[in-house]
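According to Swiss-Prot:
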- 30-33, LYS51, 87-91, GLY415, 479-481, ASP495: ATP binding site (BINDING)
Amino acid sequence: MAAKDIRFGEDARTRMVRGVNVLANAVKATLGPKGRNVVLEKSFGAPTITKDGVSVAKEIELADKFENMGAQMVKEVASKTNDNAGDGTTTATVLAQALIREGAKAVAAGMNPMDLKRGIDQAVKAAVVELKNISKPTTDDKAIAQVGTISANSDESIGNIIAEAMQKVGKEGVITVEEGSGLENELDVVEGMQFDRGYLSPYFINNQQSQSADLDDPFILLHDKKISNVRDLLPVLEGVAKAGKPLLIVAEEVEGEALATLVVNTIRGIVKVVAVKAPGFGDRRKAMLEDMAVLTGGTVISEEVGLALEKATIKDLGRAKKVQVSKENTTIIDGAGDTAAIESRVGQIKTQIEDTSSDYDREKLQERVAKLAGGVAVIKVGASTEIEMKEKKARVEDALHATRAAVEEGVVPGGGVALVRALVAVGELKGANEDQTHGIQIALRAMEAPLREIVANAGEEPSVILNKVKEGSGNYGYNAANGEFGDMVQFGILDPTKVTRSALQNAASIAGLMITTEAMVADAPKKDEPVMPAGGGMGGMGGMDF
């Protein structure tokens with residue numbers, strides 16, 4: 001086992017704080033509307049330019065192992081906040097730095113680290129309650145657009161396109177971000193349920209222009225096994241032909257005689273049919289077929305529940321207003337399912353989302369919720385260069401996470417004002433002893449740090465602006481973009497409550513651990529072995545030329 005280098009007490013904390021400051025100073029330069037960019041070197045290709053706090057934090061590794069431990073712990077604050085709320089990484093880093101710096105000073109002055117931590121925790125708990133009291137729910141598209149705009153570094157076009165996407169696919173809808181091919185941002189919306197399976201035969205195409213099979217007001221047959229014998233399908237086909245409606249068949253596979261008969265019927269115009277494979281595999285396929293059944297008001301024809309295909313009738317089929325089938329995708333629009341049944345199914349899937357530990361499963365379950373609840377929107381990010389594209393895409397993703405957080409827990413006035421307003425509730429607290437009370441004071445000073453940093457990045461004097469904001473009440477704050485004081489909500493400067501809350505809680509969590517650290521252990525640096533001297537020539541080799 002390699003030898004270890006161990007540091008204790010003040011020496012350990014000083015090095016750790018030095019590492020925290022290096023990382024936090026690089027990250028906090030990006031905070032606020034007048035925050036600066038940070039350029040990140042890449043091992044290949046052009047450097048990346050970003051104003052995203054977590055992207056900067058992830059790139060930082062320090063040479064000194066003890067300083068690096070401090071930096072890595074603050075990096076954890078940024079990452080955790082990003083995972084929880086999708087934004088607020090820079091705010092979390094600024095809060096953590098302020099708490100750690102003041103906490104380390106107090107420990108150096110002889111205060112009890114555990115009492116300091118208890119005081120900080122007490123203050124954070126009170127601040128979180130106050131943030132929830134200040135919070136207002138987001139009910140309109142305008143508020144959603146404003147949250148997106150602020151998170152995307154005051155880019156209104158991003159805020160507006162996210163609000164439009166949410167309006168079209170609903171709050172539960174899936175919104176994905178892709179790299180576009182043009183200069184402008186574009187929004188593509190797929191309404192209804194879409195899955196990645198196309199028609200099984202090109203003979204089903206009835207719209208030559210779009211090379212797709214379009215069915216109006218069709219019946220939908222859902223089956224979890226292969227269909228190869230046409231006799232099994234006859235009762236359903238006869239019922240559909242009598243009703244004079246088209247039919248969509250979704251099954252594990254349609255092949256052989258069955259597929260040939262369906263194609264012939266379609267070409268002759270006897271029954272308009274399109275057959276597609278069911279999406280997914282195994283249990284996920286069964287679940288998706290069940291989703292389709294709920295959406296269309298039909299039943300999955302499955303022998304597992306005692307339903308044989310040859311016994312199926314027209315009553316077992318689902319309905320939809322329209323179905324579009326292309327070579328790769330099938331879209332079911334406006335299914336005839338019962339709204340209460342759909343909501344119940346969505347609730348069931350949401351419970352599974354909470355219970356699952358796999359990110360992949362969670363993503364797939366969220367997609368299923370979106371397909372049932374409204375649809376899928378794709379934001380295609382436009383830019384003139386690849387470097388700009390990457391930077392812009394990261395901002396759009398941040399803004400999207402922030403708007404989701406805003407919908408979830410509401411919004412508070414932005415620009416660091418919400419934390420300043422929460423100071424009143426925290427200021428009333430008293431600790432069980434002097435050291436705990438000092439811990440509360442540390443949290444009070446730290447909660448001012450985000451506003452101070454926003455003002456400093458805008459080139460103004462932080463203390464002057466902070467005092468003026470403190471003199472006001474409610475939403476009164478400072479707009480660093482144009483130097484005006486006023487109502488932050490009217491200015492459109494809003495932060496999601498979840499983002500501010502997560503930033504404060506995660507910063508306090510790591511700061512508490514670092515303040516109470518008494519020893520640090522790292523691998524001792526390896527000493528370079530002396531180089532072997534060059535060997536002498538062998539005897540009897542004199543006079544040879546090399």
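Residue positions begin at 1 at the first shown residue.
Here the Cβ of each residue, glycine as well, is placed from N, Cα and C on the backbone.
Remember, predicted model here, so these are calculated numbers, not experimental data.
Where Swiss-Prot records a feature, it is marked here on the structure.
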| residue | record | Cβ contacts under 8 Å, 6 or more apart |
| --- | --- | --- |
| THR30 | ATP binding site | ARG36, ASN37, VAL38, THR50, LYS51, ASP52, GLY53, VAL56, THR90 |
| GLY32 | ATP binding site | GLY415, GLU453, ILE454, VAL455, ASN457, ALA458, ALA480 |
| GLY88 | ATP binding site | THR81, ASN82, ALA402, ASP495, PRO496, VAL499, THR500, SER502, ALA503 |
For a quick check of packing: other C-beta atoms within 10 Å of the C-beta of LYS51 (ATP binding site), how many?
21
Around THR90 (ATP binding site), how many other CB atoms lie within 10 A of its CB?
28
When you measure from the Cβ of ALA480 (ATP binding site), how many other Cβ atoms are you left with inside 10 Å?
25
So for GLY415 (ATP binding site), how many other CB atoms are inside 10 Å of its CB?
25
In the three-state scheme derived from DSSP, which category covers THR90 (ATP binding site)?
helix
